[in-house]
Amino acid sequence: MQTSSRHGVKAHAARFTAQAVQEAARDAFLKLAPRTAMKNPVMFVVLVGTVLTAALAVQAMSKGQPWLYQMVVALILFVTVLFANFAEAVAEARGRGQAASLRAARSQLVGRRWRNGQFEYLPAAELRPDDIVVVGANEQIPADGEIVEGVASINEAAVTGESAPVLREAGTDRSGVIAGTTVLSNEIKVRVTAQPGASFLDRMIALVEGAQRQKTPNELALTVLLAALTLVFLIVVVTLPALGQFANVHIDVVVLVALLVCLIPTTIGGLLPAIGIAGMNRALEANVIAKSGKAVELAGDIDTLLLDKTGTITLGDRRATEFIAVGGTRVPDLREAALLASLADPTPEGKSIVALAQAQGATAGDITGSVFVPFSAETRMSGVDLDTRPIRKGAKSAIVAWARSVQAQVPSDLDAAVDRIARGGATPLVVADAGRVLGVIALADIVKHGVRERFARLRAMGVRTVMITGDNPLTAAAIAAEAGVDDFLAEARPEDKLARIRAEQAEGRLVAMVGDGTNDAPALAQADIGLAMNSGTQAAKEAGNMVDLDSDPTKLLSVVEIGKQLLITRGALTTFSLANDVSKYFAIIPAIFVAAIPGMAALDVMRLSGPVNAVLAALIFNALIIPALIPLALRGVSFRPGSAEALLRRNLLVFGVGGVALPFVAIKLIDLLLAALFGAR
Ligand SMILES: Nc1ncnc2c1ncn2[C@@H]1O[C@H](COP(=O)(O)OP(=O)(O)OP(=O)(O)O)[C@@H](O)[C@H]1O
Ligand SMILES: [K+]
Ligand SMILES: [Mg+2]
């Protein structure tokens, strides 16, 4: 077996590693290939401008005319394209670095396949779906799968970077295991769920590595808008010489190209891909693998978040704490019935009832030959059909309905017992046999630490939280109040979850849902954002559009923040880019016309040293602003939770006004420098 000293994604938290920068520098040149370059219309225009001005320089050179100016312009334009390519490449390289650490945890594993009562050692690459592998203590899990037998504590650090062990158990919503993680205790049987190299995580890693990156609808819309703007400016610039003729101004082609490049939105055009990729990278840093960039973006616009109660808001390890008999039943009789009804119940609830009953001295007779009735979220009860009598335990409404159907008595003190348990936030399970309702079992659960604060933060960001539970309304209300959710839905069956999501969506809201069970799969698929727990069942993971490697349901909060940050960053840098272009206009237009049309002097607010320096200064600024903004594009604009309007106002002020002011100052400074070095020209 492999020993593991790997660290998972967290340890590779995004930095500019030397290797990433080197790779990106190389890729910046590779991206010059016309087919790649054409995907970014704004920068493609700059590339065409580069070729054109370089050709003019060569032509002038061959004619023995001055060519240096054309060549310098061509060079600055070329560097501008390289900077834009570099921005995208550096974002991709960082994503690849993160994904590589995930991949490393998954290669070269060996599995023990269980077949016809024998083991067989096999490289993980030869394991197929539905193979059963046995994994013991200190062994690594060879393939993604679901535990079909046993319970184990597992160290998932190789994948999640989190070294606290987690419990995974057959027959629960925490049965999922991941290749590369290590079993710490106990032996489990795992059913392989994926083809080698095509597991769920493998496919997700491929997405992160960018090979299959697709533009999100928002990104596409912005690209089209920027291309349209570019076209408009192209028409403006192409018609300028004709206008110039009226005023007897001859406009040099090089100056026209420079003007065009300054006017078109090169800053956002260059940074747009990097912003999108960085959003997915940030999600990965948070140990969330998104199936698409679109999912991350959508998360930024979520209105409603639906959460499960048990296991999501609460720790989910429901334990029996008390037996309360009703209707004159003796407690030992209730205990014995509860024990019988739970002996074959593999759920944590069932096991804890067995444990409590036995600890209190209950013993069960022989139940061989009796028929076990498994729990389902649909019926909300479970039990056993003994030869002599049926016994059921479950939610009060379900058991009362069942009791009536078999003409069993429902004692009048049942409600009081159930309410007392529910008010305390515990789950009451009612026990009944064919004769009568015997009593109630209290199942205690604990609200997770810190969820209240997180819900408050979500509220501040305008996200409403709704708890959905199969539990009764009183327990639900108690837990809802303790956890601080905005609303709750009790006694919900799986189809009620789905209906609630559809209803919210019908009112025009974007809905996020967190889940782990096979029951949750339809809801995860229907929700706009479905965040599945990595510990969950395969069905849940396939249905969602994101998976949290840490299996932390409150992680959605981070995803919402990452999505919001992505949208805000894109908006802010678009504003900045367009504002920038206004200033560059004021730098170049006077340079073209002032000499011939003295009336244009009013436009010459920058008072630059001369037309040549003005053009060069504007172009140099235009090129340098791209790498200067790469860190911001990758890190994202910082934001505090607040209203959308307040954010918009602040961003317009900072990035709009700043976007006009900064180039004025910077271009003026570059011009002063050029004048000092080469004289006013
Ligand atoms: N093993 C079991 N046997 C019998 N009844 C059960 C068992 N487990 C749960 N129940 C009852 O069925 C109800 C519904 O269970 P379900 O798991 O669908 O919802 P939940 O766990 O209460 O809430 P959530 O939807 O938040 O997970 C529970 O509230 C409880 O009353
Ligand atoms: K520009
Ligand atoms: Mg449940």
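Yeah, the Cβs are placed from backbone N, Cα and C, and that goes for glycine too.
In TrEMBL this protein carries:
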- Asp308: active site, 4-aspartylphosphate intermediate (ACT_SITE)
- Asp345, Glu349, Phe375, Ser376, Ala377, Glu378, Thr379, Arg380, Met381, Ser382, Lys393: ATP binding site (BINDING)
- Asp516, Asp520: Mg(2+) binding site (BINDING)
- 112-209: domain 'P-type ATPase A' (DOMAIN)
- 41-61: transmembrane segment (TRANSMEM)
- 67-87: transmembrane segment (TRANSMEM)
- 220-243: transmembrane segment (TRANSMEM)
- 249-272: transmembrane segment (TRANSMEM)
- 585-603: transmembrane segment (TRANSMEM)
- 615-634: transmembrane segment (TRANSMEM)
- 654-678: transmembrane segment (TRANSMEM)
Exercise for review: Find the member of 41-61, 585-603, 654-678 that has more C-beta pairs under 8 Å to the transmembrane segment (67-87) than any other listed stretch.
Suggested key: 41-61
Point to revise | Surrounding residues of the transmembrane segment (220-243) on its own chain - C-beta under 8 Å, 6+ positions past either end | key: 40-42, 45, 250-251, 256, 259-260, 263-265, 268-269, 272, 570, 574
Review point. Any chance the transmembrane segment (249-272) and the transmembrane segment (654-678) have 3 or more Cβ pairs under 8 A, given the pairs are 6 or more apart in sequence?
Key: no
Practice item. Give the subset of the binding-site residues Ala377, Lys393, Asp520 lying near ligand 1, defined as CB under 6 A from any of its atoms. Key: Ala377, Lys393
Review point. What counts of helix, strand and coil residues does DSSP assign across the domain 'P-type ATPase A' (112-209)?
Key: 16 helix, 40 strand, 42 coil
Check your understanding: About how far apart, in whole Å, are the alpha carbons (Cα) of Asp345 (ATP binding site) and Asp516 (Mg(2+) binding site)?
Key -> 20
Practice item. Go through the binding-site residues Phe375, Ala377, Thr379, Met381, Lys393 and tell me which ones have a CA within 10 A of the CA of the residue listed as 'active site, 4-aspartylphosphate intermediate'. Key: none
Check your understanding: Of the binding-site residues Phe375, Ala377, Met381, Lys393, which sits closest to Asp516 (Mg(2+) binding site) by Cα distance?
Key -> Ala377
Check your understanding: Looking only at Cβ atoms, how many others are within 10 Å of the one on Thr379 (ATP binding site)?
Key -> 17
Practice item. Specify the count of other C-beta atoms within 10 Å of the C-beta of Asp345 (ATP binding site). Key: 22
Review point. Of these binding-site residues, Ala377, Met381, Lys393, Asp516, Asp520, which scores lowest on Cβ atoms within 10 Å?
Key: Ala377
Revision key, fill the gap. In all the protein chains shown, the tally of other Cβ atoms within 10 Å of the Cβ of Asp308 (active site, 4-aspartylphosphate intermediate) is 25
Check your understanding: For the domain 'P-type ATPase A' (112-209), what's the model's average pLDDT?
Key -> 84
**Study point:** Inter-residue C-alpha distance, Ala377 (ATP binding site) and Asp520 (Mg(2+) binding site) (nearest angstrom)
**Key:** 11
Practice item. Provide, as an integer number of angstrom, the distance between the C-alpha atoms of Met381 (ATP binding site) and Asp520 (Mg(2+) binding site). Key: 18
Review point. At its widest, how many Å does the recorded ATP site span between Cα atoms of Asp345, Glu349, Phe375, Ser376, Ala377, Glu378, Thr379, Arg380, Met381, Ser382, Lys393?
Key: 16
Exercise for review: Only counting partners 6 or more residues apart, tell me which same-chain residues put their Cβ under 8 Å from the Cβ of Phe375 (ATP binding site).
Suggested key: Asp345, Thr347, Glu349, Gly350, Met381, Ser382, Gly394
